[in-house]
Amino acid sequence: MRVRKRKGAEEHLANNPHYVILNPEDAKGRWHDVFGNDRPIHIEVGSGKGGFITGMALKNPDINYIGIDIQLSVLSYALDKVLASEVSNVKLLRVDGSSLTNYFEDGEVDMMYLNFSDPWPKTKHEKRRLTYKDFLDTYKRILPEHGEIHFKTDNRGLFEYSLASFSQYGMTLRQIWLDLHASNYEGNVMTEYEEKFSNKGQVIYRVEANF
């Protein structure tokens, strides 16, 4: 989801180095040092305005969270939420999801979240989808053996594509929700996008898969 350019976004990020890691390549292999503890590390690729990552951090203080987004303005809004919530277990990165191995050692990340990723519906753009096999190669490297990905979307086409992509890659589809908000699942933390469109009756799909 594209967001209008925000004036002062770059300065906002630069002025908060405690939360925004400006040179994440220097943290590769030492993220536990960055957080100052050895708690599990969960990352969200495409963190948007930060509602999910902040909500998860508040709910699970014993887990370290890293929100990743390439859009400058979007990440600045996520920083607003992190600052307002005063969580101590969140860091933010402005990097591309295809380059994660530049910032994380093999097996350094314990779990991944992909929420409402761009569906890139045109066939010629398949390689840009975050559940395309090349991305899965990257995720498998930075996750531990049998590492988990939790994926949510409101786009039926992307969901079906992702289920097929996970399966063809040899991943295990542990649990699938075809209408998350109509289910009895109690652990859901909503993104801003999810809250907006589910209130309009949009069905939300979810899957937990592991390598």
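Every residue, even glycine, has its Cβ placed from backbone N, Cα and C.
Features of the protein shown, as given by Swiss-Prot:
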type	residues	note
BINDING	GLU44, ASP69, ASP96, ASP118	S-adenosyl-L-methionine binding site
ACT_SITE	ASP118	active site
BINDING	LYS122, ASP154, THR191, GLU192, TYR193, GLU194	substrate binding site
REGION	124-129	region 'Interaction with RNA'
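Positions of the features from Swiss-Prot, shown on the structure.
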residue : record                               : DSSP (3 states)
GLU44   : S-adenosyl-L-methionine binding site : strand
ASP69   : S-adenosyl-L-methionine binding site : coil
ASP96   : S-adenosyl-L-methionine binding site : coil
ASP118  : S-adenosyl-L-methionine binding site : coil
ASP154  : substrate binding site               : coil
THR191  : substrate binding site               : coil
Exercise for the section: Report the residues of the chain - excluding GLU44, ASP69, ASP96, ASP118 - with C-beta within 8 Å of the mean position of the site's C-beta atoms, for the recorded S-adenosyl-L-methionine site, in sequence order. Expected result: VAL45, GLY46, SER47, GLY48, ILE68, ILE70, GLN71, GLY97, SER117, LEU130
Exercise for the section: For the S-adenosyl-L-methionine site as recorded (GLU44, ASP69, ASP96, ASP118), determine the largest distance between any two Cα atoms, in Å, rounded to the nearest integer. Expected result: 14
Problem - Binding residues LYS122, ASP154, THR191, GLU192, TYR193, GLU194 (substrate) - maximum C-alpha distance in whole Å - result: 25
Problem - CB within-chain contacts under 8 A for LYS122 (substrate binding site), separation at least 6 - result: none
Completion exercise
Spacing of the two Cα atoms, TYR193 (substrate binding site) and ASP118 (S-adenosyl-L-methionine binding site), in whole angstrom, works out to 12
Exercise for the section: Identify which of the binding-site residues GLU44, ASP96, ASP154 has its Cβ surrounded by the largest number of other Cβ atoms within 10 Å, counting every protein chain shown. Expected result: GLU44
Handout entry: the region 'Interaction with RNA' (124-129): DSSP-derived helix, strand, coil residue counts
Key = 5 helix, 0 strand, 1 coil
Exercise for the section: Other Cβ atoms within 10 Å is the metric here; tell me which of the binding-site residues ASP69, ASP118, GLU192, GLU194 scores highest. Expected result: ASP69
Exercise for the section: Select the most exposed residue of THR191, TYR193, where exposure means the fewest other Cβ atoms within 10 Å, treating these as the binding-site residues. Expected result: TYR193
Completion exercise
For ASP154 (substrate binding site) and ASP118 (S-adenosyl-L-methionine binding site), the CA-to-CA distance in whole Å is 11
